[in-house]
Amino acid sequence: MTGETHVKTKYKTMSAKPMCRYGQQCYRKNPLHFQEFDHPSDPNAASTLVTSDGKSRVSPLSTASSSDNRSITSTVNPNKRLKSSDESVANKTIDTNIYGFYLTKVTGIDNKYNELNVKAINLKDILSETNGKLLESLQMNYMFEMDWLLEQYPKQFRSLPMLVVYGSKRDGTATREMQSQTKPYPNIRLFGAHLVDMFGTHHSKMMLLRYDNGIRVVIHTANLIERDWFQKTQGVWISPLFPPLPSTHTSDADISQTRFKTDLIEYLKSYTSIEINEWIQTIRRHDLSAAKVFLVGSVPGRHVGADNKCRFGHLKLRRLLSEFGPSAKNVDSSWPAIGQFSSIGSLGPTADKWLTNEFLSTLSAVCGVKSLVTKPRLKLIFPSVENVRTCLEGYSGGGSLPYSSQTHRKQTYLTSYLHSWRSERTGRSIACPHIKTYTRLSGDNKQMAYFVLTSANLSKAAWGQLEKNDTQLAIKSYEIGVLFIPKLFTNQEFFEISKSEDSDKLPNNCFPIPYDTPLTPYSLNDKVWTWDTPHTDLPDTHGNAWIPQT
């Protein structure tokens, strides 16, 4: 359940600039392009992005024209701010972060929040030659802009072999679109992951990077499109460089406590792809024992039986927390469970149908106890209308927060759990969140029991739903994420909550949580953002109104 929505501007100013040579067929999405070049005015036109499931999505940023230039200059200083978010890591390598967790750089915020010492990174940093001599890569995602993606690779790496994994449905629309996008690049191979359910998506966001001295795994929350890496809050986990095994030895042996290699191979096998099997063989030839995170994936299908139903989805997370999570004697019901996400699915007519029953049982799982007598409170972070209106992108940022008014009317109970997006510590309160995270915090907001970074939003399609007297778990989408357990990093029971802007000044047991604590509940005047609801009373940061396309 994702997509983009058309915005019609209400407040405009005029300017004269050179005409873009592509005219109304311009594919660029970066607002700076529209600041530099003019485009033919067509109030009824809307350029689209095509998702990997073949659905056309209108891109609000790409419909901006020169007549709306005021909105661009109000949030972007290209001589100052863009520099920090575009430059790659010069001296430090990405291996300096003990957790491997980063936020993406954001254009339009103070430069100090985009430095490496606060654990901020962009796609060019991830693919930089300073991290090693790249030999080939795999890019797995939901949405792609291939021309832009290739530009993020260093020039000497752009012709290297690349496997692109996207979602494929019966109508073949996505396949035709991806074939069209990759036609100029003979080095790129495609694999369409089969999606049976009409509501399922290939939502996993992962990179596999093979170097001349090892491989690296990257799991993140951003689509591979320009706007997702521009002014949004995204999360990235980057693995250590996993070295090759001696000689040509291949092995499924997994000596790591997290079984990361085993679980990664199991997840990749679910695609039943010859192309992906080649990457499985590459993984087998490497030592992944340095991985300190657990892999939590979702694979479409009905997973039947006591063992199989715990291999993927929220039951996989429940099993891991029951085995490796916080002790029941140290974490009680005063520790709320927190979910933070960028999309909401249909959760049922009452909270206990899935959200506060099945799903909360997973988020509140503790080591040594099968089920809790008293569940903790559930707190959910999802942007309010005011969050979206005042963010850097303005209302168009809400095009990446797909939650419909029709769905909300069927589950209005959700409002009582909702909290606004606020991230002053990272300078990202005005950067619309596309990151997805789940955790438990102590009642005084000083400690954290675990942390999940994932592509999975708040939906049964992503996490799965128990069926047939709890004997099977039904999942509709591909998802991928990682679980951080404190004792594997610090030998302590909990992470301390980071309060400083500078992560280099924090003790090792402090985790850079991406939002502020304590959380900010919705006020009486706050309304949950629904992307199909018009907003014409108050202009956004660009001076625009929001009138969804019908």
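Yeah, the Cβs are placed from backbone N, Cα and C, and that goes for glycine too.
Taken from TrEMBL as is:
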DOMAIN    17-42  domain 'PBZ-type'
REGION    37-87  region 'Disordered'
COMPBIAS  44-78  compositional bias 'Polar residues'
ACT_SITE  His203  active site, nucleophile
BINDING   Lys205, Lys436  substrate binding site
ACT_SITE  His434  active site, proton donor/acceptor
(request) Rounded to the nearest Å, what's the C-alpha distance separating His203 (active site, nucleophile) and Lys436 (substrate binding site)? Just drop the number here, would you? (result) 12
(request) Could you round the CA separation between His434 (active site, proton donor/acceptor) and Lys205 (substrate binding site) to a whole angstrom and send it over? (result) 12
(message) With the cut-off set at 10 Å between Cβ atoms, which of these recorded positions ends up with the most neighbours? Options: Lys205, His434.
(response) Lys205
(request) Measure from the Cβ of Lys436 (substrate binding site) and count the other Cβ atoms within 10 Å, all protein chains considered. (result) 25
(request) Please work out the number of neighbouring Cβ atoms within 10 Å of the Cβ of His203 (active site, nucleophile), leaving out its own Cβ. (result) 32
